Structure formats: structure tokens, C-alpha cells
There are 2 protein chains.
Amino acid sequence: MGPCLSETELISRFFQFGIPDHWPTQGIGDDCAILEIGSTCLAVTTDTVAGGTHFLPDANPYTIGKKALAVNLSDLAAAGAVPRCFFLALSLPQADAVWLEAFSRGLSEEARAFACPLVGGDTTKTTQIGDVRAPFSITITAIGEAQKPLTRQGATVGDDIWVSGTPGDAYLALMLRTGQWRGECNNYLARAMDTPTPRVALGQFLSRHASACADISDGFLKDLGNILNRSKVGAEVYIDRLAVSDDLSKRSMNERRQAQLAGGDDYELVWTAPVCEREAIWDYARRRAQEGEAIALSRVGTITDSGLKLLDKNGCEIENSFFGFDHFAQ
Amino acid sequence: MGPCLSETELISRFFQFGIPDHWPTQGIGDDCAILEIGSTCLAVTTDTVAGGTHFLPDANPYTIGKKALAVNLSDLAAAGAVPRCFFLALSLPQADAVWLEAFSRGLSEEARAFACPLVGGDTTKTTQIGDVRAPFSITITAIGEAQKPLTRQGATVGDDIWVSGTPGDAYLALMLRTGQWRGECNNYLARAMDTPTPRVALGQFLSRHASACADISDGFLKDLGNILNRSKVGAEVYIDRLAVSDDLSKRSMNERRQAQLAGGDDYELVWTAPVCEREAIWDYARRRAQEGEAIALSRVGTITDSGLKLLDKNGCEIENSFFGFDHFAQ
């Protein structure tokens, strides 16, 4: 909600009602809420994406449909959950059949790829402002099932810190497309921004191996910070150990670090795991590569008692100018 | 979505993906989706309300908070479900603490009244359009538990048709406040529009007695029409048997019928029940009255083979000029 009031402050000031839970619930302020219903553990997430805020004005409705679901599936992945179904609340300026056809194609492809049926929803017109209607707004609520749900709580001193993928690519694409950084947005970067792959299979694997997990949709440092806050621990991070794409590796060190550490809109996972899990995690990466679905994994640091230290490849501490850590509780 | 494309058409043209359900699911196009998870039956609904579309510009944030949840609880009521928890996706033009304080007070009062905790959500800024940001938009997803869920399917020839409350009051309030009809909006009518009572207890009672149920948020005839469509039956309705408020009874017959039959924004229930349930239903109304929570119930007609016949108090058929029935499948 902008710098005046963070989402965390909003929730704690205005949205803690103290009403007792009927089902055992955890994970408020997490990627998902975890609800224990009988012997089933549900992970539920809700996310809004809107034209003009989350998408550039010329965004294509096919990718909008795909990504609107992908960002929610990424939350389920962070909870180690198997996607089971989703609900769609769609506000549109008009019922444009061409737009709807492409949107629904993107949405259904993503739904099919993750065997996640659409089971309910609501459609409304957006508000008229002067001569125009507000652009589309899409709220998806996705429900998954987790045998052993992951949350941001559970990181322990000595745990390794891991990240999937090559964080920063979506941000680099955004900077290039909006002309804020010099250069061309190639197909690889466009895909990173438009059609991210939610790490659903990785999340399910991690539910048996990780101690805490989050997706890095808000940027690596912010989402790692959420894990540190919730787990009441600190971290040492060797930032040059983050896997980096060819495109991002060619940028200046300043641009590269900004994109990798604070970029956001990447739907990769950051997680912590005991040292004894290293072999199992590398083994998972090898198996995925053998199956032709290679995924970069980076072990980037260690959980400490308190504080957040960023180190370069020589072990020299570097100042964190990429993200305000004021509200990281220690 | 306006006259060019109805919500039903939207769903059937663009949002039926044919992906197999993991959990047995019913009720698509209903007030709620019903998901069978182990031995638990969940009713899930999602609804968006937005400034400028669902609320007048001067609407008070306290009533916005209360009503945003009430409309979803009304969907749970129509499914005969007990509210269990809800998720809030809140898009705001800015994080205005005064607005948020009043909104959250209304929301939490409604949540507390129905023992329905807020367990997750998302906050975003609305899109900037020219110099202004789009007004607020609120999507709530509410989850309830139904031992014997009600849907719109199940009405049988010979069943009685019932309605709760005095439909049309919210519409009358809207017409008066916007100056489209002459007169003053008094406190009773303002409450009918601003702080409707979702019929949660009635819905739970009906889950053991009714054959089909819906709320009448889209207007009595449209929502009855949805039951007829889904149950593949018709109806004869004696429209003068609908309970009517003092305020609405003073309007012209034309205004009265428009408000009662097509008004919408009433969060009462319409249901069908076998004739043998009459005594139990009247008994429920008596008990509620004895408990100081009187609720008007009207038995207004009978389920038939096909078609929809509207009759006045003399049994003369009247032309239905209040709602287009084109797409009522017979």
C-alpha cells in the first residue's frame, strides 16, 4: 500500500479481529492460510492482479489469464501444497469477447497444466471514472492440499538458505520494457515476466525437506526477510551465489543486484533447510535435470541468531541499499 | 456484465474448462460451490463489491465493511452452510487510516456476529486513471460448512415456493436516494440497503427442510428463475402474497412490483419445499418470533412442469414486464 503503511502494518492495525478459529489455522501473513479440516490440511491463498498496476497497458489477455492463476499457484507451491481448485472474481470494463477468449485460453492452459479446475466465481463491471471504466481486476482464490504444509515459520539457526531459479529476470524485463534501463527485452526475459512457472513440484518436494519457505514475488530480500521475521532469526547471505541468467549477468553490478535482491515479480521459492538435507536437495535438482526439466537451485547462506548480513564473494560485508530492513523484528 | 453478455453466458462460453474435479464438486453457477473434502462438505463463495458500482459515492466505510461480508454470508446462507472463515482481497486508492478504521470496524462486527474469522488476504493499490485512482474494490471469499448443502437444483413439481423478508426495500432505498423516485429514504429503508442481515440461521434450518434455495441478491424473479433453470421446472407465483413493508406498500403498484420482483440487493432467501414441510416452516417462523427475532416468511406459489406464470390476488395472469425470461431453459 505504498510507503506510508505496509501490508504488515495494515493487517496488524486493522485486520486482527481476535475471533476464535473454528478450524485450526496458521499462516496469517504467509503466502497461504493453512486450515486443518478433519484429517485434511488445506492451503488457501487469494491474490488480486489489476490492469495498470500489475500489468503494462499493452499486456496480452492470454498472458494475463495465465499469470493471474500462476501467481496464486506460486503461493500454493510455497506452502508445499498440491493445487486442487480455484475461484475467479473477474471485474471487467466490458464483456469483450475477443479479450475474454484469449484470457480464458491462458487461464485454462495454466489450470490444465496443474490439474486445478475452476469451480466458482463472480463477474462484475468495473467502476466508471469520468468517461472511462477502470481497467480489469482479477482476484483468484486458490485451494490446495498439503500433507505437511510449509510456512515462513520454522527456520532454525544453522539452516541453509536456498533459492530456486535466477531471480531478477522479471524485473529486468520490466525495466527494459518501460525504458527505465537501456536495452531490448528479448523473448527469454519476456517469458520470465509474462509466463512465470509456479514451482509447484519443487514446493511439494520441499514440504518433506525444508524448515520454512516463501515465494519471492515481493523480491528475494523482502521475502527472505518475512521468513526471518516469522521465524525470529537472522541470516548471512552470499549474494553472488544467487544463480544469475546470462541476460542479467551482462548488466552493471548495481542493476544486477537491484534486480536480484529487490526486483520482485519472480515466482521462485526461497527456503531454509537443515544442513543434513543438502544431499537430498541436490539430488532433486539432478533428477529434474535428467527428466529434461532442469531448475537452477542456489545455496546462498546460513540462518543466524539475528540481523541480516549481505556478503560478496570475498566474504566482505556489503551495505544493503536495496531494501529497508527497519521492520525486521530481531 | 450488461445486456450484451450475461454472467451465465460468460461462464458457459469462456469458463468451462472441463478439468476433472479432485474433490466431488457441485453448484457451479450457484450461490456457492460445494466441495466434499473427506467427510466435510464445504460451501465456498466469492463476491466482489466496488465503489461506484455497488455503493453510492457517499457510502460510509463502516457499512461498506459490514455489507461486503454480509453479501458473502448470504451466499453461505443460501447453501444452508455455517460460516467458518473468510479471506479479504482489498484494493484501495490509498491507505487512509480513517477510512480503514471504520471499514474494519464494520467488517469485524459482521464477522463477530457470525463467528467467522478473517484468516488471510491481499492488499493492493487500485489503478491510476488520469489524475485519480479507481475507487476501492473488495473481493471476499467465504468458506462455510454444510452438513446437508442446499443448491438451486432439487425443486420438484408440486413443491411450495417461499420467500423470506420483504423484498424490494433495498431497491426502494436506492431509487429514493438517487432521486429516481420521489420521496425520502427513512432509517428503515437505509438499513435495508446498507446493513442487510444475511439469513444464516434460516438457511441452516432450511438445509433440513427445503428442496432448493437461493438468495435474492439479483432480484426475486431472476433468482427464482435460476432455481427453475437449474431444477428444470416451472412455477406459478401469486405475486401479491409476497410480504411487503409499510414503506413499499405506499408506493404505486408499478413501483412496488418493480422493486419486489426485479429490485435486487435484498439478501433474503427464496426456496422450494415439499408441501409436507409447511408446518415445520411456519413453526420455525413462530419460534423466531417468540425469540424476539421475527422474520416474515411468505408462501408465494407452486413449482410446475414448465414456464413461469405470474398471478395477481384474483388469480389473473399478469404480464411479466419486470424481467426478461428469454434464457430460462424449459
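Each residue, glycine too, has its Cβ placed from N, Cα and C.
All TrEMBL annotations are machine predictions without curation.
For the Mg(2+) 3 site, TrEMBL gives B:Asp31, B:Asp215; the one candidate out of B:Asp75, B:Asp246, B:Asp247 that the record lists there too is B:Asp75. Across the structure, B:Arg152 (ATP binding site) and B:Thr46 (Mg(2+) 1 binding site) place their CA atoms 17 angstrom apart.
Close to B:Thr45 (Mg(2+) 4 binding site) in the fold, though at least 6 residues off in sequence, lie B:Asp31, B:Cys32, B:Ala33, B:Asn72, B:Asp75, B:Leu76, B:Ala79, B:Thr141, B:Ala142, each with a CB less than 8 Å from its CB. The number of other Cβ atoms within 10 Å of the Cβ belonging to B:Arg152 (ATP binding site), over all protein chains shown, comes to 26. In the three-state DSSP scheme, B:Asp215 (Mg(2+) 3 binding site) falls into the strand class. Summarised by DSSP class, the composition of the domain 'PurM-like C-terminal' (B:157-248) is 42 helix, 14 strand, 36 coil. In this structure the C-alpha atoms belonging to B:Ser217 (ATP binding site) and B:Asp47 (Mg(2+) 1 binding site) are separated by 11 Å. For the binding-site residues B:Asp75, B:Asp218, B:Asp265, the ranking by surrounding Cβ atoms (within 10 Å, all protein chains) places B:Asp75 first.
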